[in-house]
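Copied from TrEMBL, the annotated features are:
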{"type": "ACT_SITE", "residues": "E38", "note": "active site, proton donor"}
{"type": "ACT_SITE", "residues": "D51", "note": "active site, nucleophile"}
{"type": "DISULFID", "residues": "C30-C114", "note": "disulfide bond"}
{"type": "DISULFID", "residues": "C35-C41", "note": "disulfide bond"}
{"type": "DISULFID", "residues": "C48-C57", "note": "disulfide bond"}
{"type": "DISULFID", "residues": "C84-C90", "note": "disulfide bond"}
{"type": "SIGNAL", "residues": "1-24", "note": "signal peptide"}
Amino acid sequence: MGSRSNMIVLTVLYLTMIATFASSQVPSDCLYCICEVESNCRMPSPLCHEDGGSFSCGPYQIKLSYWQDALLRGGDLDGNWKTCSESFECSERAVQGYMARYATYSRIGHEPTCEDFARIHNGGPNGYRNQATVGYWNRVNACL
C-alpha cells in the first residue's frame, strides 16, 4: 500500500508541475506581437544595444539577467546569452522559460493573459502590476 500511495503522490506532483508550466506558455500570437514591438520581429544589427545601463539583445531584446532567470525554467538556452539571442528559436525558449518562472497562477493570482506576459517581459517579474508597462502592453495589444 505504501508504494502505491507514493506513486499516486508522485503522479499528482508531476501533473501539477506540467499544468503549471503549460499554463505559463505564451501563446504564439502573443509571442509574435512581443517580438514585433521589440524589433519588428527581425534580428537586429547590431545584435545588442545599450538599454537603461545594460545591454538588450536579439529579436526579443533580452537582457543578461532575463536570460539567467529563464535558464531556471528554459533548459540550457544554448549555453550563452548572446548566442541564444542570435537565434529566434532560443530567444523564444528564453521568453517561455522566463514566463514559466514569473507568469504563473500561484504568483500573479490568476491565469496569465497576453497582457501579463507582455508586461512581465517589459517590466520584469512584477511588470504585470507596474503602471509603467501599460504603454508597452497597448503596443502589443494593437498587434493582436
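Note that Cβ sites are derived from N, Cα and C of the backbone, with glycine treated the same way.
Whatever TrEMBL says is automated annotation, not expert-curated.
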How many Å lie between the Cα of C57 (disulfide bond) and the Cα of C84 (disulfide bond)?
9
Might you list, by sequence position, any residue in that chain lying six or more from C30 (disulfide bond) with a Cβ less than 8 Å away from its Cβ?
C114, F117, A118, V140, L144
Rounded to a whole angstrom, what is the C-alpha distance between C48 (disulfide bond) and E38 (active site, proton donor)?
12
For C41 (disulfide bond): DSSP state (helix, strand, coil):
coil
Hey, how far is C90 (disulfide bond) from C35 (disulfide bond), Cα to Cα, in Å?
13
Same-chain residues at least 6 apart in sequence with Cβ under 8 Å of the Cβ of C84 (disulfide bond), in sequence order, are G58, I62, W67, L77, D78, C90, S91, R93, A94
The residue listed as 'active site, proton donor' and the residue listed as 'active site, nucleophile', compared by Cα position, are separated in whole Å by 12
Cβ-Cβ under 8 Å from C41 (disulfide bond), same chain, 6 or more residues apart: which ones?
Y32, C35, P59
